[in-house]
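K.L.:
This is the structure, below, for whatever I ask next.
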């Protein structure tokens, strides 16, 4: 609180083993008889957030679900009792294993909702003593959820918040008629330069001014994924180099502070018309105890366009604005002032600077507002702009990188720097191995999940520097699936995230039937070379892929297996490992140079 972005709320994905935009997040239940509340990074993230702000609100929302939930169908509502049990297990596990209280739970991100399921979710929560967990629906559009709430009184009784995505600061009459809290439960998603900051400043105010929304949630918190994946740097700040420790506190962080450092959950918006005559907007909030915070923004159209939806033209001009404080606020004598100016081409940007307090005379004060500015005026004296040490300088991904996965008690379930794009790759202990391969990395999703995006039919995890051209990848591999199992190593991998199905690159496959293939795509349709390898399942083999210029070659157990395969495109990309299908397989002694 009162530091940096000073966030009020953290919304996390309830991992479901499927692709959710920039990667897969592991489920707490890969299989029906499986439960583990120590996978992925969200438990760690929520605990770190609570250390800094014990009052931060927590929200969980699934994008995808493990395949067993749908019993073979790509749909989570055929067995709503199973889905409710699965989601409630996650909430109970958060408390039991991490002492985390989840405040809100969603239904299914940007996909259909089922009224029967929502009612059953409420019943299941209550049955487990989780009456305090509130339900938000439906993380899509205002309709049809608002209409259904107005026509189904039982559903109206169990949904606490209507959450819409990218509402463009507008709501609809039926949503207002429900008298529910209205939230923009996912918004922003814009490149975090000054235009992104302008977008964020505008919607933080105008979601309430135009749309009566009392919460706005930014996708996403921090860009800690390879920038060339979809929506690179569409976050409040950037920290995408764990190997160097470099990060950047971007402008949207300080825009956030204008609101979050001077309000708290539980404060109320004053019901005033927040449109300024010369363009721009203001909101006013109170804690009901005499404190008042006013936030003003004057973002111009071209300097505040979000990624979606399209922004209709409007004009903003410099103006003098006079504010009148009435009722209990008439007694306020001075207001603290915090100011930001987005400079754009002029370069004279100034972020979250404290200015001289404003004197309130006979309940009124005036301000000269320029364009592309944010002001906070407040009775609170707590704001601060921290002076923090400079982060380490940026570095490219190491050009010689090894991981033998030999770690007895890993802090996370997944190996660093590997970015799973279909399937989930986890540290694994081979208790029966004589010694060379006790600690490995294993692909563990063996049934296609209930998907949110177009996951590939193969599993894949990417790693490294997207600009790599000439590379050698070596990895020990172990096929577990008999007959039609298979694994690959790859280079010049050009895609991931929601576009993973169309991934191209140079893929070196070996299969349990003793054959190999070289393909130009993850789907395995563009065959560049094939033949016999002698590889079999349930035995360790070493694959090496060498790509130099327009030529590639492959080694098996250190001996040439194929060579002089001509590569035209892609011209560069990541390294990767993966499997032919949703199947168990292991990897060890990964090395890329």
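Glycine is treated like the rest: Cβ placed from N, Cα and C.
Those TrEMBL annotations? Automatic predictions, nothing curated.
Note that the structure is a prediction, hence the values are computed from the model and not measured.
So TrEMBL lists the following for this protein:
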- 1-261: domain 'Glycosyl hydrolase family 59 catalytic' (DOMAIN)
- 110: active site, proton donor/acceptor (ACT_SITE)
- 186: active site, nucleophile (ACT_SITE)
- 269-384: domain 'Glycosyl hydrolase family 59 central' (DOMAIN)
- 420-593: domain 'Glycosyl hydrolase family 59 C-terminal lectin' (DOMAIN)
K.L.:
So how many other Cβ atoms are close to the residue listed as 'active site, nucleophile', meaning within 10 Å of its Cβ?
P.N.:
23
K.L.:
Can we call the domain 'Glycosyl hydrolase family 59 central' (269-384) and the domain 'Glycosyl hydrolase family 59 catalytic' (1-261) in contact, meaning three or more C-beta pairs below 8 angstroms at a sequence separation of 6+?
P.N.:
yes
K.L.:
Could you tally the C-beta atoms, other than its own, that fall within 10 angstroms of the C-beta of the residue listed as 'active site, proton donor/acceptor'?
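P.N.:
Neighbour count, Cβ to Cβ under the 10 Å cut-off: 14.
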K.L.:
Between the Cα atoms of residue 186 (active site, nucleophile) and the residue listed as 'active site, proton donor/acceptor', find the distance and write it as a whole number of Å.
P.N.:
10
K.L.:
Per DSSP, what is the residue count of the domain 'Glycosyl hydrolase family 59 central' (269-384) in each of helix, strand and coil?
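P.N.:
Output for the domain 'Glycosyl hydrolase family 59 central' (269-384) reads 11 helix, 51 strand, 54 coil.
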K.L.:
For the domain 'Glycosyl hydrolase family 59 catalytic' (1-261), report the average pLDDT of the model, please.
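P.N.:
On average, pLDDT over the domain 'Glycosyl hydrolase family 59 catalytic' (1-261) sits at 98.
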